């Protein structure tokens, strides 16, 4: 016999009816549980990656203009992506300023730019700036986890041929790059790369493309190292611009950006308290310094580790086997392992962790527990890939600096007279580096005074710059101490940093 609930009055009955029934509570519980796996919980993205398991490659999608030259998760999310882009624009005023100043001249008119970067709201502002300056763009993602699906949809809706979605497989990753490069009736004459995978693919599959390419712009430590390797071997067949080592970009993107985003990524994925924790940071370049500074500020005990030949250098990001099974075996239960390097080679996940004796347990989006036979658990974030853009986001202001640097590098290489740049790797001219910095000064309500003619003559400088030689790095003179790698066995969590 069903038990009847007695109410003192009609108002009490109405109040009770607001609460979910037993069935409703189950549905509510399921929705809450499901929402914990939404991609926005790990990467500030609107997209729910669990709503449709069908591969985008198997879908036929068309934007409002009738074009199907793209491949994204869901074109219907374009409206949400547009809102994300508009929000990012508010803190990228320097890039917008460059867009407004140069769009009348169209310095990239006739350029066909193929790009491989993280596809986020901030990158979308860069892509749309290039389009406003006259470029035709085809774009893909440089990381299988960092794409914001709704932003990719917004770009596709605007007419950009974009091939990317969050959670690509390795096969999907290379397929997307191929779709950007190998297209009938369109051939790239400029390359914008982040990590070197696009450049590698063109060299491997379509070397004839380089006959028309005027230059490569590369913004990552990993990609720049690959370019220098090609140059040293005599295989670099076009000029390349190393924007990673532009001072403004390096100080903000590598140092300050990682200083903020590493905490964001770790907090979102693990909810860990940093005070009193022992942390090992591998690599002590600009990224490593930023990470150490942030972790130390929250009360963590930080050990900086570099190899003997890496003092004051950032050598970890393009390296491999930085963290091996030997190190993982010595870590204590509950140790957190993450990577701030561009690739997934720093931690050898496939050889060291995808083994029969270890069990993998997915506990939330981008968080896996790897369980040893004795029950020990090591917490692995983003499957050993880039933490901050896989599990969180980065400040729009920082990416404004990087994007403005990239845009100027593309303009410089595309418009340079024949013979100015040979088949080698170049730094962005110092005057342009300083110009990027000057565009961002209003954000700090900062104003530069101009040198008088007498001052400029006395210092031997042009009043309009550049004010420092190309080799000047604005370093703070910090020293790195050698730390014994045996600290790993004592850590609560282990942070592998570029």
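Backbone N, Cα and C atoms are what each Cβ position is placed from, and that goes for glycine too.
The substrate binding site feature in TrEMBL is assigned to 120, 194, 219, 249, 253. Neighbour density for residue 120 (substrate binding site): within 10 A of its CB lie 26 other CB atoms from the protein chains shown.
Within the same chain, the residues at least 6 positions away from residue 388 (NAD(+) binding site) whose Cβ sits under 8 Å from its Cβ are 257, 258, 261, 262, 264, 265, 340, 394, listed in sequence order. Feature annotation from TrEMBL assigns NAD(+) binding site to 285, 286, 287, 288, 289, 290, 388.
What TrEMBL lists as compositional bias 'Low complexity' is 29-48.
Taken from TrEMBL, the feature region 'Disordered' applies to 1-66.
Distance from the CA of residue 253 (substrate binding site) to the CA of residue 290 (NAD(+) binding site) is 10 Å. When Cβ atoms from all protein chains are considered, those within 10 Å of residue 290 (NAD(+) binding site) total 26, not counting its own. The binding-site residues shown are 120, 194, 253; of these, the one with its CA atom nearest the CA of residue 286 (NAD(+) binding site) is 253.
The binding residues for substrate are recorded as 120, 194, 219, 249, 253; their greatest pairwise CA distance is 18 Å. It is 16 Å from the Cα atom of residue 194 (substrate binding site) to that of residue 287 (NAD(+) binding site). When Cβ atoms from all protein chains are considered, those within 10 Å of residue 253 (substrate binding site) total 26, not counting its own. For residue 249 (substrate binding site), the same-chain residues lying six or more positions away in sequence with a CB closer than 8 A to its CB are 219, 243, 401, 402, 405, 433, 436.
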